[in-house]
Every structure is written in C-alpha cells, then in structure tokens.
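As structure tokens, the structure follows; a few thoughts come after it.
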Amino acid sequence: MHNGIFTAMTSGGTTKSAVPGAVAPDGGWGWIIVLASFMIHFIMDGITYSMGEVFLHPMRSRLGEGRGLVSGIFGVLPAITLGVGPIATIFVNTYGCRLVTIVGASIAAVGFLASYFWANIWFYYLTIAIVGGIGFGMIYLPAIVSVGYYFEAKRSFAMGIAVCGSGLGTLVFPLIMPYVINKPLWFDYDGALLLEAGIISICIIFGALMVPLATETSEIRRREKKARAEQKRLALNSGTITNNPFDEQQSQLLPKGKESEIALRTISPNTRESTAVVPSEQQFSSDDVEQPASPYRNDLTQKIRPEDDTADPSVVLSRKDALYQGSLPNIPLYNENADEYHNQIITTTSDVVNKPRVKKSFFAQIAEQIDLNLLKDAAFALFAISNFLTSLGFNVPYNFANDLATDANVPEDKRNWIIMTIGIANCFGRVVIGFLGDRSWVNRLALYNSTLIIAGVATMAAPFCTSLVYTHMVYAALFGFFSGGYVGLTSILVVDLVGVHKLSDAFGTLLLFQGVAVAIGTPICGTMRDFFTGSERPYLWPYLIFGGSILISGLILFAIPLIQKRKENRQKLTKQQLDMGVRSYSKQNLSVPEQQQQL
C-alpha cells in the first residue's frame with residue numbers, strides 16, 4: 001500500500017517504518033508542544049474546575065439567584081467544551097492546530113471579557129458558558145492533537161505530562177482568585193472575570209508555539225500557496241505573464257490540481273520547498289473533497305515530517321490511534337508487525353487517490369463523527385451508560401466543595417484547601433493509575449471500576465465531614481486521585497472493548513453521553529441544595545445521589561466480562577479485533593499469560 005522507508009531521528013535513536021508519515025519525531029520541538037499543551041490544560045481546566053469555588057457565592061449575592069441557576073453556568077461551560085470537539089476537529093484538519101488554538105483562545109477571552117460589562121445571569125450563560133465553552137472546545141482539541149503529531153513511541157509519557165496541567169491548574173486558581181475578588185482594586189468578582197479573560201488570552205502564545213510539521217495538510221496548502229505567489233512574482237518580474245490561449249487550453253485539459261503541480265516544479269530547481277510537488281489529492285477544500293475525518297469518527301489528523309519531502313508525495317491524513325493514551329506496545333499487531341499496524345491505522349493521500357470525491361455539508365461532516373451503531377454492542381452500550389452516570393456527579397465536588405464546607409462551618413480562610421487537594425491528588429492519580437493501567441499484568445477493567453467506586457464513595461461521604469478542614473481534605477484527596485485515574489484509563493478501556501481502530505468512533509459517542517450529563521448534573525445538585533435549605537445537612541441527599549451515580553457507574557461494569565463471554569460463545573472475535581487490542585474473555589482466544597492473569 002505504501003512505498004518507501006521513512007526514518008526519523010529521536011532522542012532514543014533511529015526508527016524506521018515502511019509507511020510514510022508513520023514515524024513521529026518523539027522529541028525535539030515536541031517537548032515545546034508538550035509545554036504548550038500543559039499550560040493550556042493548566043489555564044482552561046484550572047478556570048473550569050474552580051468556577052464554583054470562586055464565583056458561586058459572589059454571583060448569588062450580586063444576582064440574587066439560587067444555586068441551581070447560578071451553578072448551571074458552571075455545568076454548561078464544560079458541556080459546551082465537550083460538544084464543540086467534533087466541530088473543532090474539522091477546523092483542525094483544515095487549518096491546523098496553531099490557527100484553531102489562537103482563534104479559540106481569542107473567542108474564549110472575548111466571552112469572559114464581555115461578562116465583565118453586565119451582571120446578568122442570562123448574559124453570563126451566553127458569554128461565559130456558551131461563548132467561553134466554544135472557545136475552550138477549540139483550544140482543548142488541538143492541545144491533545146498537537147502532542148499526538150509529535151509523539152508515538154513516547155506518546156504515553158508525553159500525554160501524561162501534558163494532562164497534568166489540569167490538576168495543577170485546579171490547585172493554583174482557587175488559591176489566587178479569592179485574593180483578586182477581595183481586593184477593592186478589582187471591583188469584586190467582575191475583576192476576577194476580567195483577569196481570567198487576560199489569562200485565557202495567553203493561550204494565544206501557546207497556540208503560536210504549535211509549529212506544524214512539514215507534511216500536515218494545512219502546512220502543505222500554505223507552502224503551495226506560497227509557491228504559487230513566488231511563481232507569479234517571478235513571472236511578473238520577467239514579464240512573461242500573458243493571456244496565451246494555449247495556456248487556457250492546457251489548463252482545461254489538465255486534471256484539477258496538475259496546473260499547480262507544474263507551476264510548483266518550475267519555480268526554482270535549487271530550493272527544497274519550492275520544488276516540492278503537491279499532488280491534487282493533497283489540496284483539501286470543503287468544496288472539493290470530503291474533509292479528513294474527525295478524531296471522534298475513526299481518525300484524527302496526524303502528520304509527520306518525512307526525511308525528504310520529495311521521497312514520497314503522500315501526506316498522512318488521519319491516524320485512528322491518536323486519542324490512545326496508553327502505550328502502543330499494548331496493541332498486539334503493533335508488537336508483531338509495526339508496518340502492518342501503520343498500514344491499517346494510518347490513512348494517507350495515496351490511499352484515497354482512487355476514491356471518488358464526495359461533497360458533504362458541514363453538518364453532515366459533524367454528524368459522521370458520532371457513530372451510534374457502536375451502541376448495538378451491549379458491552380459498549382453499558383460502558384456509555386456508565387460514562388453518563390459518572391459525568392452526572394463528576395463536577396459536583398469541584399463546584400460545591402466550598403459551599404459544603406460553608407455549611408459545615410469550616411473556617412473561611414481554609415475552605416479553598418479542599419479543592420486544591422482535589423487538584424494535586426488528581427495529578428498523582430493520573431500518573432500512578434495511568435502507569436498501572438499500562439501494565440500487562442494489571443486487570444484494567446477491575447482497576448477502572450475501582451477508581452469509580454472509590455471516587456463515588458468519597459463523594460457520598462463528603463456531607464458527613466465536620467468543621468475540621470482535614471476531614472474534607474481526606475474525601476477530596478480520594479476523589480481527586482481516583483477520578484484522575486478514571487480519566488486516564490478511559491481510552492485504554494475503550495480499546496479493550498472495540499479496538500484501537502474504532503477508538504475515535506467510540507469517543508464521539510461517549511462525548512454525547514458525557515456532555516448531556518455534565519450539563520444537567522451540576523444545576524440539579526444546586527437546586528436540590530436550595531430545596532433542603534434549613535436541614536442539618538443540606539447537601540446530604542444531593543451528594544448521596546450524585547456520589548451514588550458514580551458508584552453505580554463502576555459497579556455495573558463488572559457485568560462486561562459476562563456480556564463479552566456470552567457474545568464470544570455465539571461468535572468468536574476476528575483476528576483483526578484481536579490484533580487491534582480487543583480483549584477476549586474466552587480462554588480459547590487468550591495467550592497463555594492472559595489466561596493465567598484471568599485465573
């Protein structure tokens with residue numbers, strides 16, 4: 001399918017692949033990309049997860065609204081962020097990570113800035129939750145994708161560093177923002193919103209650091225445009241531009257795109273960039289060709305720099321494993337035959353050269369990114385339901401930790417310690433549980449279920465904490481550590497269920513479940529707290545219910561082995577499914593070490 005051997009030098013040595021674009025730099029400027037991604041997670045998640053801590057009480061006092069309506073802002077914000085993911089994917093495939101991040105940061109900053117000028121609950125929903133959420137969604141996807149562009153062998157390590165910014169942001173923002181609000185210079189919480197708008201705008205700088213690799217589709221188009229302009233300039237200087245009828249006739253006879261190929265060949269024989277041939281299959285336009293598919297629908301754009309642009313004109317369009325946060329050696333085919341694995345996972349322009357061009361509307365492309373057919377698989381459907389239940393309660397401890405501590409009479413100057421504990425524990429959880437989930441001797445499903453069960457129990461125990469802040473910090477540490485592990489294990493569990501070749505399909509469906517749950521969970525919890533005002537423990541039932549939903553989300557997944565065994569008794573897994581990492585629960589399909597692990 002693919003021709004040529006491509007080589008990339010990494011800090012760990014030289015790696016070869018027969019598939020063009022399959023080898024990532026695994027270092028170099030990639031570590032700057034990791035830093036940019038880390039800081040974007042730090043800023044975006046730090047602001048998102050600290051909204052309830054920082055703004056719930058001030059907004060209620062100013063607006064005179066209940067907890068349910070005000071906290072709804074903090075629930076809709078992450079829900080919109082999740083929902084924008086598929087749309088952001090189309091933009092990333094077309095314009096690249098750098099431009100999309102810059103535009104997204106600008107949109108989010110404008111949203112938060114606008115909220116400074118009018119204290120109105122519905123205006124906050126528009127500016128903070130919707131506009132801010134759209135901007136965050138456009139920031140978040142490139143922050144993940146850009147790391148995938150640069151790393152394969154070290155992807156698990158690089159991703160782990162990048163996402164730790166989320167926990168550290170949750171540690172820092174609740175520490176800093178209360179001081180901003182309490183300073184008269186900043187005009188109450190309005191000043192905090194203004195400051196956060198400025199902080200979000202810093203993401204523009206980090207977006208600018210996302211230098212595209214030479215063979216990214218957006219970069220190919222940029223180079224082609226530059227080459228055309230240079231050719232035209234040279235022609236103008238030499239006075240050779242004419243309205244030659246032969247030129248027009250030749251243009252009509254040539255296949256679409258070949259004219260620019262000829263132009264590119266004739267610019268300069270001495271410069272590498274200007275002599276690079278860009279075949280018509282690499283010129284992507286929403287009007288001419290179906291856009292490269294979304295990471296939520298079978299693939300994610302991942303372009304790698306080859307040794308020589310002219311060695312093979314193929315450009316990597318998509319990579320189905322780009323959202324996988326585990327180590328690729330966990331995938332059997334990757335260990336057995338890396339080249340064949342790349343053949344099946346990576347899509348290049350040479351793969352689609354003979355396919356007919358299909359025009360699709362923008363909305364049709366978005367709809368393609370959510371594959372509901374996967375819900376026909378009972379095990380995956382159960383996993384989607386579990387994600388919905390988890391997401392119902394996931395943001396509750398973040399948004400109401402301070403309010404719960406207030407009800408328990410925890411000293412005001414110590415209340416922010418609770419969410420800060422969640423943040424730092426989250427970092428450790430992502431690293432430790434992520435490491436365990438990557439080990440072949442660990443039962444990943446049992447580990448995943450355990451993280452949800454413990455996080456749920458910790459949430460349910462929170463209302464029984466006393467006025468001692470340390471009792472709150474205990475539940476916060478447990479919740480932060482195990483919820484962080486849950487996030488890191490999700491992609492690994494999805495691969496165990498459907499295979500790495502369907503990972504992005506599955507994520508599109510899961511985002512639908514998660515987004516709806518996040519949007520309704522927080523405001524329902526706040527409304528319930530208002531309803532129980534005056535009782536000894538107003539948060540008792542809200543926390544029991546939403547903590548219970550997290551607990552149940554873990555318990556129900558213990559049924560997956562039974563479901564999978566019954567399915568395999570009716571129909572054995574195919575070789576492709578096994579090669580792509582689908583875990584078998586039938587001993588006849590297992591290797592000897594896997595059989596011993598299950599025993």
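Each Cβ is built from the backbone N, Cα and C atoms, and glycine gets one as well.
Unlike curated entries, TrEMBL annotations are predicted automatically.
Predicted, not measured: the structure shown is a model, and the values here were computed from it.
Features as listed in TrEMBL:
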type	residues	note
DOMAIN	379-599	domain 'Major facilitator superfamily (MFS) profile'
REGION	268-312	region 'Disordered'
TRANSMEM	29-49	transmembrane segment
TRANSMEM	69-92	transmembrane segment
TRANSMEM	99-118	transmembrane segment
TRANSMEM	124-150	transmembrane segment
TRANSMEM	157-181	transmembrane segment
TRANSMEM	193-215	transmembrane segment
TRANSMEM	378-397	transmembrane segment
TRANSMEM	417-436	transmembrane segment
TRANSMEM	448-470	transmembrane segment
TRANSMEM	476-498	transmembrane segment
TRANSMEM	510-529	transmembrane segment
TRANSMEM	541-563	transmembrane segment
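Between the transmembrane segment (157-181) and the transmembrane segment (417-436) there are 3 or more Cβ pairs closer than 8 Å, counting only residues 6 or more apart in sequence, so the two stretches are in contact. Residues 52, 66-72, 74-76, 78-80, 82-83, 85-86, 296, 370, 383-385, 387-396, 399-400, 403, 490, 494, 538-539, 541-543, 545-546 of the same chain, all 6+ positions outside the transmembrane segment (510-529), place their C-beta atoms under 8 angstroms from a C-beta of that stretch.
Residues of the same chain lying 6 or more positions beyond the ends of the transmembrane segment (29-49) and with a Cβ under 8 Å from any Cβ of it are 74, 77-78, 81, 101, 136, 139-140, 143-144, 146-147, 149-151, 158, 161-166, 168-170, 172-173, 196, 199-200, 202-203, 206-207, 209-211, 395, 398, 419, 422-423. Same-chain residues lying 6+ beyond the ends of the transmembrane segment (193-215) with a Cβ under 8 Å from its Cβ atoms: 21, 25, 29, 32-33, 35-37, 39-40, 43-44, 47, 96-102, 104-106, 108-113, 115-116, 128, 135, 139, 142, 146, 149-150, 177, 180, 186, 303-306, 309, 315-316.
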